[in-house]
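Asker: Provided herewith is a single structure, encoded as structure tokens, for subsequent inquiry.
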Amino acid sequence: MSAAEPALAPLSPGAPVLVAGGGITGRAVLAALRRFGAAPTLCDDDPATLRGYVDSGVDTVSTSAAAERISRYALVVTSPGFAPTAPLPLAAAAAGVPVWGDVELAWRLDAAGHYGPPRRWLVVTGTNGKTTTTSMLHAMLTAAGRRSLLCGNIGSPVLDVLDQPAELLAVELSSFQLHWAPSLRPEGGAVLNIAEDHLDWHGTLADYAAAKARVLDGRVAVVGLDDSRAAALLSTARAPVRVGFRLGEPAAGELGVRGGQLVDRAFADDLTLLPVDSIPVPGPVGVLDALAAAALARCVDVPASPIAEAIVSFRVGRHRAEVVAVADGITYVDDSKATNPHAAEASVLAYPRVVWIAGGLLKGASVDAVVARMASRLVGAVLIGRDRREVAEALSRHAPDVPVVHVVTGEDAGMDATPVVFGANVTKVKHLGGDLGAAVMSAAVAAARDLAKPGDTVLLAPAAASFDQFAGYADRGDAFAAAVRAAIR
């Protein structure tokens, strides 16, 4: 046994391990455990999923049965969808059986040298901007000639890339993944921002922030100072090197903006990195994402030139402030990835005049303060989805002169055919068995187009999750783009 191997306890060859969840994460965990020599059993609530694994020779059990016999297992490795209050994790805790997430398993296997020399992990988290920042970081590392892999909550699970040659991992992690990764100690970790999100999973904002803060327990902690909740995490970070980034002029130990240039005063005395106007992501959010990515790149000695090169050639991902079309002087922007109020606010504030398409599942988050801050930018609003009433109430309080249209369908589960309407117009969608999301978005785009004038932006930035009417944020964005193309023909 090597000196590093005890970090893997209670995992050992032949150990009975329960894998919770049969999705993409579960498949990656099964492959890693089999490679290690453990004896995994997979549990899932979906009988069809279990049958698929049985056909592949995997031992399976229902989630409820697994909870009843939890003491048979030395370890549970869970998919991030299992909240700590779910019956299975609670049963494991009561029986004294450790619960890891797939990221925790990946971290321990990598640190133990199971895949060769351990990689240096650079981890990005936050309520918003994770994917763009992590992609920027990976581009910077690649431009510098460093062997980097993009993984985590973007691209492939970390476990799926560890057998590939690399020096560095650019890892996007969600609060769910971080909750189940208590021993993670990255080379550098960044918390971009903290806003109300996933409170239905974490229970409280404090627990959500504590999960995010786990990325700050490694060597270098990077935090967005313009976000008060994120900034508060820096003083308690365990990392010996603490770095902040801001939109204003940086102090020593920070990255920021001076004279239209991104400047590093944390890893150099005073190093100019790149011009602000070379950042392709619109608005302050693009500058902040670039600063965070640059901070993590600088913490592993990436020079200024490849950082600038990566940003100049960077392309924004799908459904992230993506311009779909410009027609009759109106710009149509798909920011379907804005799945919480904080993200929607950043999106709306990037444009001077906005017809806002919003609504869906708010997941317990409040939109009131966000609507108040961005009310001056709104020239119209089109509301969709189950929780559109909460958005309408906020608009009635803080933007009473903004015209509002509700897109209503009675066929979607949990939605009312005749909702409470706050002095607004109502567009009723007749859903006759086709694609509900397409019908809703077609009506929403038509209503937004009627409200917009030349120079305005019709912006899909829902502030909410999509699963009440769509398969996911990408499906919602695709429906928006298709509706726009059909409308401007």
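Including glycine, each Cβ sits where the backbone N, Cα and C put it.
Residues annotated as ATP binding site in Swiss-Prot, with sequence analysis given as evidence: Gly126, Thr127, Asn128, Gly129, Lys130, Thr131, Thr132.
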Asker: Non-local Cβ contacts of Gly126 (ATP binding site) (under 8 Å, 6 or more apart, same chain)?
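Answerer: For Gly126 (ATP binding site), the qualifying residues are Thr133, Ala190, Val191, Leu192, Asn193, Ile194, Lys212, Gly224, Ala230.
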Asker: For the recorded ATP site formed by Gly126, Thr127, Asn128, Gly129, Lys130, Thr131, Thr132, which further same-chain residues have Cβ atoms within 8 Å of the site's Cβ center?
Answerer: Val124, Thr133, Leu192, Asn193, Asp289, Ala343
Asker: Tell me, how many other CB atoms lie within 10 A of the CB of Thr131 (ATP binding site), whichever protein chain they belong to?
Answerer: 21
Asker: For Gly126 (ATP binding site), just give me the three-state DSSP call.
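Answerer: In the DSSP reduction, Gly126 (ATP binding site) maps to coil.
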Asker: Would you identify the secondary structure of Thr131 (ATP binding site) according to DSSP, in three states?
Answerer: helix
Asker: List the residues of the same chain that sit at least 6 positions away from Gly129 (ATP binding site) in sequence and have their Cβ under 8 Å from its Cβ, in sequence order, or write 'none'.
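Answerer: Result: Leu192, Asn193, Val285, Leu288, Asp289, Ala292, Ala343.
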